[in-house]
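Listed in TrEMBL for this protein:
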REGION    458-552  region 'Disordered'
COMPBIAS  474-496  compositional bias 'Acidic residues'
COMPBIAS  497-507  compositional bias 'Low complexity'
COMPBIAS  517-531  compositional bias 'Basic residues'
COMPBIAS  532-544  compositional bias 'Basic and acidic residues'
DNA_BIND  545-613  DNA-binding region
DOMAIN    545-613  domain 'HMG box'
COMPBIAS  609-620  compositional bias 'Basic and acidic residues'
REGION    609-702  region 'Disordered'
COMPBIAS  621-630  compositional bias 'Basic residues'
COMPBIAS  631-642  compositional bias 'Basic and acidic residues'
COMPBIAS  644-660  compositional bias 'Low complexity'
């Protein structure tokens with residue numbers, strides 16, 4: 001028989017909701033890992049007291065009872081797996097896996113049994129339902145009646161809030177069955193009551209989520225946040241993780257407490273408690289316990305009298321009481337030397353911390369993403385400027401997180417970190433099949449978008465090659481050659497591992513000189529159409545045939561309404577992106593159909609253009625003759641004016657002749673230049689203008 005059994009897609013019932021995960025049975029015990037939160041439940045084999053197999057809504061389920069009264073329920077098994085589990089329990093746990101069916105008679109009277117932390121309502125020997133008493137938030141009594149109220153579960157679609165039991169009176173004297181029922185419930189219920197004095201109190205701590213100033217009272221089993229408006233009692237059992245994160249300004253510290261289930265403020269749920277401390281703030285702390293109790297309870301992790309920075313004292317006390325490790329940033333460093341990256345998530349700006357086993361974003365809203373739940377990451381071009389980029393993370397459950405407005409100087413550091421953690425990088429993964437990248441980035445700016453991706457991929461390839469050839473010394477020289485003050489540097493310059501410390505400035509200048517022509521070419525490419533637009537508008541004839549559409553534009557005009565109906569409320573930008581994706585995914589046969597339509601439109605355009613050019617040439621000849629007549633009349637008036645001015649002085653005839661001669665040459669040059677300009681305009685419109693006739697040239701020479 002195998003030493004371990006593993007089951008995927010098993011659901012653990014916790015407070016009415018089903019949390020999916022993986023279940024592993026081994027000689028040492030039972031381990032269940034929650035896929036959503038990463039929380040691990042470990043049941044030692046020596047603690048198991050009973051195993052029950054029964055039919056449930058999701059197939060078949062396994063209920064495990066421990067010797068200390070805890071109950072664990074796992075659903076999602078197949079009926080055929082019973083024999084395998086039963087043999088495993090007998091061989092390794094020395095337990096008989098018993099089959100017990102639920103009662104489905106529908107009766108509402110029966111017997112209540114209390115076993116460990118479980119209330120079981122039975123009819124005969126069969127249970128009808130079971131209530132984990134840890135889910136009970138309040139228990140009230142009335143005449144022959146007991147009311148149980150439950151903690152609200154945000155993950156469940158429907159939450160059970162209240163159950164009432166009618167307890168009939170008994171003939172026994174001195175025993176109230178209602179009070180006995182309530183005491184059995186309250187002894188195991190999760191009702192937090194502040195009994196006794198607090199171990200210590202931290203006054204007026206700045207809390208970012210929930211926002212405000214709170215006094216934190218530390219009790220043995222729970223944490224009490226006391227504010228001006230709200231109070232929260234947080235059991236230590238709900239604390240999932242602790243984080244201590246340095247702020248980017250190096251003068252403040254974040255202390256983050258991850259909670260499951262979260263605390264509630266109205267309809268708002270807070271999965272993270274974030275405290276902000278100043279590094280300069282110190283405190284002297286005295287625990288409200290004698291030294292023997294401190295030593296016995298905390299085993300040297302705390303002392304009765306402690307002093308130091310406020311954030312150190314809070315984190316130290318929380319670590320000792322919660323009994324969980326504090327997660328701090330690893331060896332990641334950004335271009336400014338900080339252990340975090342400034343970015344934006346949704347509408348707010350914050351800090352993204354790459355950790356050893358995940359990412360955490362603070363602070364609005366806080367997000368924690370573990371590496372084992374990441375499907376892939378993606379580096380995307382910034383939507384508003386080329387000086388920043390977006391970092392996208394998609395989980396295995398399909399949830400996507402986009403951290404935007406990251407400075408491009410951070411790109412290389414973040415890429416190297418992700419690469420070292422062996423996360424799937426979508427940009428690099430699609431390097432061999434370039435067509436898929438077009439589907440991902442199909443929009444109206446495809447050329448620039450793809451060029452940016454190509455540059456990023458090429459830089460990643462160069463860095464990988466340089467990393468294999470470079471030594472530790474060259475890595476230090478890379479950091480020295482980095483200059484964050486030069487904003488015009490390209491991303492590749494910051495991570496050039498071949499640049500030495502002595503020649504870093506020279507290499508940087510040479511790199512910029514090499515890349516300047518590319519930038520100029522790009523600027524000319526962008527501005528060239530803008531310069532041509534006014535020229536084309538001046539000489540454009542409204543009667544000229546319109547240029548034919550491409551195959552894609554013909555298809556888009558025909559499909560635009562269908563795309564709008566399939567995606568109601570879609571914006572123009574998203575519509576163009578969606579159309580690009582559909583066009584890229586279209587089969588070759590369908591594209592050929594639109595190519596034929598585009599070819600037919602082009603032929604019709606050429607035919608119409610020929611007819612238009614013939615008519616335009618006739619109109620040009622008539623306008624030229626009319627213009628020449630007007631010019632001759634102007635010349636005649638000039639000659640008459642010259643003869644009248646001869647009698648005024650002896651110098652005036654020469655001047656008049658020179659003016660008239662000059663005027664004649666000037667008019668003829670205007671004719672030639674106007675003819676050339678008309679020829680150029682006609683060529684731009686697609687029609688060739690005819691050469692001037694012999695009569696026109698003769699009249700011009702005259």
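Any Cβ shown, glycine's included, is placed from N, Cα and C.
All annotation found in TrEMBL is predicted automatically rather than curated by experts.
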- Task: Using DSSP, break the domain 'HMG box' (545-613) down into helix, strand and coil residues and give each count.
- Result: 56 helix, 0 strand, 13 coil
- Message: Averaging the per-residue pLDDT over the DNA-binding region (545-613), what integer do you get?
- Response: 86
- Message: Give me the DSSP three-state residue breakdown of the compositional bias 'Basic residues' (621-630), ordered helix, strand, coil.
- Response: 10 helix, 0 strand, 0 coil
